[in-house]
Amino acid sequence: MLRKGSEVVRGDREVLLDLDYGGEAQTTESYGSLHNGGFIPPRYLSAAAADDDEDMAGGDDPIYIHCNTKSNQPLPQLGNYFRDGRTKIDFVLVWEVRSRRKRRGKGTSEAPSEEGGAVATEESSRSERRKAQLAQWREKFVQNLTSVGLLMEKEETANEKKTIHFLKLSAPWDVMVYYAEELCLRAPLQAQPHLDLNTSAQVLSRLCIPNVMTEAVPNRPLDYYTCAFRKSKMNRFLGCDEHETYFTNTQRHRVVYEILARTVYGRKKRAEVGVDRLINEGAYTAAFPLHEGPFQLPKFEIRPDELNQRQVLYHYWARWWRWYKYQPLDHIREYFGEKIALYFAWLGFYTAWLLPAAVVGTLVFVSGVMSMHTNAPAKEICTSGASYLMCPLCNTCKAWNMSEICTMAQLGYLFDHPGTVFFSVFMSFWAVTFLEYWKRKMATLAHHWDCMDFHEEEERPRPEFAAMAPTMEQNPVTGVKEPYFPEKTRLSRMFTGSMVIIMMLCVVMIFLVTVVMCRGIISVMMFHTGSPVLRTEAGTIANISSSIVNLGLILLMGRVYTALAEQLTKWEMHRTQTQYDNAFIFKVFIFQFVNFYSSPFYVAFFKGRFVGYPTNYGTLFGMRNEDCGPGGCLIELAEQLFIIMVGKQLINNIQEFIIPKVKAWRQKRTLAKVLGDKASREPRRWEEDYQLVECEGLFEEYLEMVLQFGFITIFVAAFPLAPLFALLNNWVEIRLDAHKFVCEYRRPVAERAQNIGVWFNILEALSHLSVIANAFLIAFTSDFLPRLLYQYKFDNDLNGYVNFTLAHAPLNYTEYPMCRYKAYRDNNGNYTLFYWELLAVRLGFIIAFEHVVFFVLRAIDWIVPDVPESLELKIKRERYLAKQALAENQEALLVSRGRGAATVTPGTSSPASDASFGNMS
């Protein structure tokens, strides 16, 4: 039923915000169950009763009405409509009720003892009271939804054990118009041609090169100049006469969800408001908008423009063999909303930028392979024979000849040659340039999708916060009393939570030490086998096996800590969902950063730094501190990065492929049991969507990509192939995520957003950290600077370099006199002058590297504007059109200004002027 008139709308508004609203209580559980699926609101009950007293003689069921379905056949149902075939379904509420007959049968078949019977009776009465409370909340919630003006229709699926109720909701035109203005929905003013937002397509077009990535996707959404919707200016908006199609489905979903989130179902003092809290309380099991029909293509031939939106996304985006095609971002945005579309836009943009990084990294690696035979130090090692007798690597090991590590010395050159230094500089520039151009892309998309001036409205309290807050206080912005939690208590809880985080980080460090000791034990075991092959490859075997163990610990600790961080964030009692999300993201990212990167940081910057020398070895828990392997620390770092990064990607992709299918199978199995004999019929749209998995948001997706971004930037000097593996993973990731959202997830409520939020700040921090990390990696871990300094001081061809880097054991070392070890020390174990010169060069390189890179980055930031010039012109054009469309009658405005000139003092503005031009976009 539609409400008309300002008084009625005002009444709706008062009912919506009145937390103490006490509408009529209904005594039946199946309050919306009608013979023809229609719902008759209580306020129209008396009129219905006067027309048909016989049908309304049910006493406790006054809201039932029998309609003559024979005389008024419903139209064929095509799409998501009520049974009348005309009213759109905007949202569906679902709840399940177990049959009472089953419980009574169990009670009569058993003969419990008196004590057991008393306990069972108490539990049964408590359960009945709880169910009655949930039923009462649902009754009042639906009454208030009806008062707002929503249309409803109910369906049931039942067997002898359980009944599943589906309440379909629809917002009529008057409700949509009212909330469109309140929510500042965008209204079209003038159509404009589609823009080609793909830079690669523009470049290929200018070069006259065929573009295999482009594809004509049918039913592309039109592009408009828009402004904020106003009911008083309705006639100036395009398509205002088409009530059925004027608002998009995602706009309708947003409006209905806004109503559901605001509507009261209980008492004001307990802040019992919103469908989210009702789901948390168990009154409803799900609330979701419907997908636009099936995603499978029809078996008969059909024109592309006749496909529904879901079929278009599946056929042109989610299928695996579309991996090389551009993503239809406008279609994604129209179907899922701006927030999800921005994630896929960022993921696609990031993947495209990985392509040049992967190509350069692969070329650097190939250049290392091709120049291996020119490596003079490796040649010197391989031809040394028994010239260099090396000191034992452990207390019970024997001396060994350096020529035994010939193969590892040659392989080490692949990850430690001048090309890797160039690549680390290249990736530092790549990371910041990528973020600068993403800001331009983000601004373009935000304007293209009408989110440039979007600001989240004053957020309502989270359902968990409202349920657990101890007091009620007045909101200084809205003036409405809301649940309140003392700020001092929250800060104390956050401090306690930070202590828990520090404790968990200490646990990560303990696991790191355990892995280090495990690696040492495996190395000793390999040496004691007596096999020349195992002894030569002992370090490699120990590093690979310990890295696999470390990956398992990382994934296990990540699961444990994510669950712990969720509980800590709930305990901290953040008021809004944004505050909650930011706190949760910060906790999980800090932990995962240490969890994933602690082991690579140890190998890159600490391993081999505290070994000592013969007669004065450093120890940890009685074991000698481990040294870098025969090929150097960079090859060990590359092995760890490959195992951790690639292993994590493989495991995550397998989980993303299998887990949603398992969850969907369980959900389908549950519904199939309820359907019973009816399972053979084709399920209806709401039943099919209820079988799907609830959308879990984008947190895990962003976290996975941000951690990958850290791997390919922070440690890229040691692993030039990291961007290539990231590129291959992301091609798979895009299709996996697309398939999940289109085929396996319930349709999420479309959310607006103008950027990717706090994740961009994290990416910026990682890009700056990568500059510092790569500077230290080149200076202290790579042999680039020692070789460079040796070439400058002694020999440009590096002849005798290996002998120069080996020190003799002190004279008091009697086990293997005059054995060699790698260090710049004299015969007494003191550092040589070359060591101090090299240290000065290393520190100077770090300072010069950081200053040059950061200066160039600031120059790029200054040269590349955040908003393209062409976009600035479009924004000015759109604001001009909005000003023309929304301005009041100019003549009346001038008259009112002329009359008010005598009363308006200089320096003030007239209210009419402010009212006319104060809300332009």
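From the backbone N, Cα and C atoms, a Cβ is placed for every residue, glycine too.
Because the structure is a prediction, the values reported are computed rather than measured.
Record features, source TrEMBL:
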type	residues	note
COMPBIAS	905-921	compositional bias 'Polar residues'
DOMAIN	81-329	domain 'Anoctamin dimerisation'
DOMAIN	332-878	domain 'Anoctamin transmembrane'
REGION	103-130	region 'Disordered'
REGION	901-921	region 'Disordered'
TRANSMEM	340-366	transmembrane segment
TRANSMEM	421-438	transmembrane segment
TRANSMEM	500-522	transmembrane segment
TRANSMEM	542-564	transmembrane segment
TRANSMEM	584-605	transmembrane segment
TRANSMEM	706-728	transmembrane segment
TRANSMEM	756-780	transmembrane segment
TRANSMEM	833-857	transmembrane segment
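Confidence for the domain 'Anoctamin dimerisation' (81-329), expressed as mean pLDDT, is 83. Beyond its flanks by at least six residues, the transmembrane segment (833-857) meets 425, 428-429, 432, 768, 771-772, 774-776, 778-780, 785-786, 788-789, 793, 824-825 of its own chain at Cβ-Cβ distances under 8 Å. When Cβ distances are compared across the two stretches, the transmembrane segment (500-522) makes no contact with the transmembrane segment (340-366), since fewer than 3 pairs at least 6 residues apart fall below 8 angstroms.
Counting residues 6+ beyond its ends, the transmembrane segment (421-438) has Cβ neighbours under 8 Å at 346, 349-350, 353, 356-357, 360-361, 364, 709, 712-713, 716-717, 720, 723, 760, 763-764, 766-768, 770-771, 774, 777-778, 782, 784, 849, 853, 856-857, 860-861, 864, 866 in the same chain. Residues of the same chain lying 6 or more positions beyond the ends of the transmembrane segment (340-366) and with a Cβ under 8 Å from any Cβ of it are 200, 326-327, 329, 332-333, 414, 419-420, 422-423, 426-427, 430, 434, 437-438, 441-442, 445, 449, 698, 701-702, 705, 709, 712, 716, 720-724, 726-727, 730-731, 733-734, 737-738, 741, 748, 750-751, 753, 755-756.
Remote same-chain residues near the transmembrane segment (584-605) are listed as 497, 501, 504-505, 508-509, 512, 515-516, 547, 550, 554, 557-558, 561-562, 565-566, 568-569, 633, 636-637, 640-641, 644, 648, 699, 703, 706-707, 710-711, 714-715, 718, 758-759, 762, 773, 776-777, 780-781 (criterion: CB distance under 8 Å, separation of at least six residues from the stretch ends).
Within the chain, the transmembrane segment (706-728) has long-range Cβ neighbours (under 8 A, six or more residues past its boundaries) at 350-351, 354-355, 357-358, 360-362, 364-365, 368, 415, 419-421, 423-424, 427-428, 431, 589, 592-593, 596-597, 600, 604, 634, 637-638, 641-642, 644-646, 648-649, 759, 762-763, 766-767, 769-770, 773-774, 777-778, 781-782.
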